[in-house]
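Worksheet: one structure, shown below.
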Amino acid sequence: MALVSQARSLGKYFLLLDNLLVVLGFFIVFPLISIRFVDQLGWAAVLVGLALGLRQLVQQGLGIFGGAIADRFGAKPMIVTGMLMRAAGFALMAMADEPWILWLACALSGLGGTLFDPPRTALVIKLTRPHERGRFYSLLMMQDSAGAVIGALIGSWLLQYDFHFVCWTGAVIFILAAGWNVWLLPAYRISTVRAPMKEGLMRVLRDRRFVTYVLTLTGYYMLSVQVMLMLPIVVNEIAGSPAAVKWMYAIEAALSLTLLYPIARWSEKRFRLEQRLMFGLLIMTLSLFPVGLITHLQTLFMFICFFYMGSIIAEPARETLSASLADSRARGSYMGFSRLGLALGGALGYTGGGWMYDTGRTLEMPELPWFLLGVIGLITLVGLYWQFNQRRIESAMLSGS
C-alpha cells in the first residue's frame with residue numbers, strides 16, 4: 001500500500017508539471033489569435049471564430065475516439081503523438097496569411113488535443129482517490145489560471161515583435177512537453193480492463209444519464225469560450241490596445257489563486273455538486289447581459305470578475321461530476337465523450353459568437369451578442385435543473401465523495 005500511495009503522489013506531481021506546460025503553450029498562442037487576425041489584419045470576426053470553433057469541434061468532438069484508442073493502447077503513445085501534432089499546428093499557424101491556412105492549423109492543433117486530452121484526464125481519475133479528486137481539480141484549475149495569465153503576458157510581449165514568435169514559442173513548449181512525457185510517464189493503463197475500442201464507445205453511448213448530462217452542458221461552454229473570442233475583442237476595443245487583454249487574464253489568475261481552492265473546500269461540505277454547477281452558471285449568465293452597454297474599462301473588468309467568479313464556482317463541480325459518473329471500465333472513452341458538450345458549445349460559441357458580434361456591429365447593436373448569450377445561459381440552467389430533478393443521480397456522486 002505504501003508503494004501505491006507513493007506512486008499516486010509522484011504521479012500527481014507529474015500531472016501538475018505536465019499540465020503547466022500544456023496550459024502555458026496553449027495560452028501563449030490562442031488568446032492572441034483574435035487580436036492578430038481581427039484587429040491587426042482586419043479579417044471578419046466570423047472567419048476567426050470559425051477557425052477557433054473548428055479547433056474546439058475537432059478536439060472535443062472526436063475526443064471519444066481518442067479516449068477509446070487510449071483505453072486500448074495506453075496513455076503514453078497518444079499523449080506524445082498529440083502534443084507533437086499540436087506543435088505542428090502552431091508552426092503552420094505562423095504562416096497563416098489566408099483563412100484556409102488558419103483553419104487547417106487550428107484543425108491540426110485540435111486533432112493533437114483529441115489524442116492527448118482524454119488520456120490525460122483519465123490519468124487524473126486513475127491517480128486520485130474520489131474524496132480528494134475535487135480538490136485536485138481545483139489545484140489544476142488554479143494552475144490553469146496562472147498559466148493563462150503568464151502565457152498571455154508572454155504572447156502579448158512577443159506579438160509586439162512578430163506573430164511568428166508567438167506561434168514558434170508555443171510549438172517549442174509542446175515539443176518540450178512531449179519530451180517530458182517520453183522521459184518520465186510510465187506506460188499506464190487508464191482503464192481497469194483492456195477492451196476493444198467499440199466496446200468502450202458503446203458503453204458510453206448506452207449510458208443515457210451521462211449522455212444527457214454532457215449534451216446539456218453545450219450552453220455552458222458557449223458562454224465559457226468567450227474568454228478566448230469576444231471578451232478579448234471588447235477589452236481591446238474599449239482600451240484601445242491589445243496590451244489590456246493580459247489584465248483580463250491577470251484578473252482570472254488573481255481570483256483563481258486566492259479563491260478557487262478555498263471556495264471548493266468550503267462548498268463541497270455544504271452544497272451538492274449540481275447546486276454549485278448551476279449557481280456558478282447563473283453568475284456567469286447574469287454577468288454577460290450588460291457587457292455590450294459598457295464603455296469604461298474598469299466597469300468591464302468588474303463584470304469580467306463576476307464572470308470568472310461564476311466559473312470558479314462551477315468548474316470544479318462540473319469536472320468532479322463528470323469524473324464521478326465515468327465507468328472505470330472505459331475511463332478514456334467516458335472522458336473523451338465528456339468533451340462533446342465542449343465541442344458543440346465551443347463550435348457554436350466561437351462561430352455563432354463571431355457571427356453575432358459582426359451582426360451587432362452591422363446593426364449598430366453591440367449589446368445583441370451579449371443578450372443572446374445570456375438567454376442561452378438561462379436556457380441551459382433550466383435544462384440542468386430539469387435533468388437533476390427528473391434523473392436523480394446518486395447522492396454519493398453529487399456530494400463529491
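Cβ coordinates are placed from backbone N, Cα and C, and glycine is handled just like the others.
Annotation comment: Swiss-Prot describes 13-33 (among others) as transmembrane segment, evidence class sequence analysis.
Cβ atoms under 8 Å from those of the transmembrane segment (34-54) belong to residues 96, 99, 102-103, 105-107, 110, 159, 163, 166, 225, 228-229, 232-233, 236, 242, 245, 346-355, 357-358 of the same chain, restricted to positions at least 6 beyond its ends. The transmembrane segment annotation in Swiss-Prot covers 34-54 (among others).
Within the chain carrying the transmembrane segment (99-116), a Cβ under 8 angstroms from the stretch's Cβ atoms is held by residues 22, 33, 37, 43, 47-48, 50-52, 54-60, 62-63, 65-66, 69, 78-90, 92-93, 174, all 6 or more beyond its ends. The annotation transmembrane segment is assigned in Swiss-Prot to 99-116 (among others) on the grounds of sequence analysis.
Per Swiss-Prot, the feature transmembrane segment maps to 139-159 (among others).
Here Swiss-Prot flags 165-185 (among others) as transmembrane segment, drawing on sequence analysis.
Beyond its flanks by at least six residues, the transmembrane segment (214-234) meets 30-31, 34-35, 38-39, 45, 48-49, 52, 56, 245, 248, 252, 281, 284-285, 288, 291, 294, 300, 304, 307, 311, 314, 318, 322, 337-338, 340-342, 344-346, 348-350, 352-354, 357, 369, 373, 376-377, 379-380, 383-384, 387 of its own chain at Cβ-Cβ distances under 8 Å. What Swiss-Prot lists as transmembrane segment is 214-234 (among others), and the listing cites sequence analysis.
Feature annotation from Swiss-Prot assigns transmembrane segment to 243-263 (among others). Among residues of the same chain six or more beyond the transmembrane segment (243-263), those with a C-beta under 8 A of the stretch's C-beta atoms are 27, 31, 35, 135, 138-139, 141-142, 144-146, 148-153, 156, 227, 231-232, 235-236, 297, 301, 304-305, 308-309, 312-313, 316.
What Swiss-Prot lists as transmembrane segment is 277-297 (among others), and the listing cites sequence analysis.
Sequence-distant neighbours of the transmembrane segment (299-319) (same chain, 6+ residues past either end, Cβ-Cβ under 8 Å): 134, 137-138, 141, 217, 220, 224, 227, 231, 234-235, 238, 247-248, 251-252, 255-256, 259-260, 263-264, 267, 273-274, 276-288, 290-291, 400. Swiss-Prot lists 299-319 (among others) with the feature transmembrane segment.
According to Swiss-Prot, the transmembrane segment annotation covers 340-360 (among others), on the basis of sequence analysis.
Residues or ranges marked as transmembrane segment by Swiss-Prot: 368-388 (among others).
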Next item on the list: Tally Cβ pairs under 8 Å between the transmembrane segment (277-297) and each listed stretch (13-33, 139-159, 165-185, 340-360, 368-388), then give the stretch with the top tally.
Entry: 368-388
Margin query: Please tell me whether the transmembrane segment (165-185) and the transmembrane segment (139-159) touch - that is, whether there are at least 3 C-beta pairs under 8 Å between them, with each pair 6 or more apart in sequence.
Written below: yes
Check: Any residues 6+ beyond the ends of the transmembrane segment (368-388) with a Cβ under 8 Å from its own?
Finding: 212-213, 216-220, 222-223, 226, 230, 274, 277-278, 281-282, 284-286, 288-292, 353, 356-357, 359-360
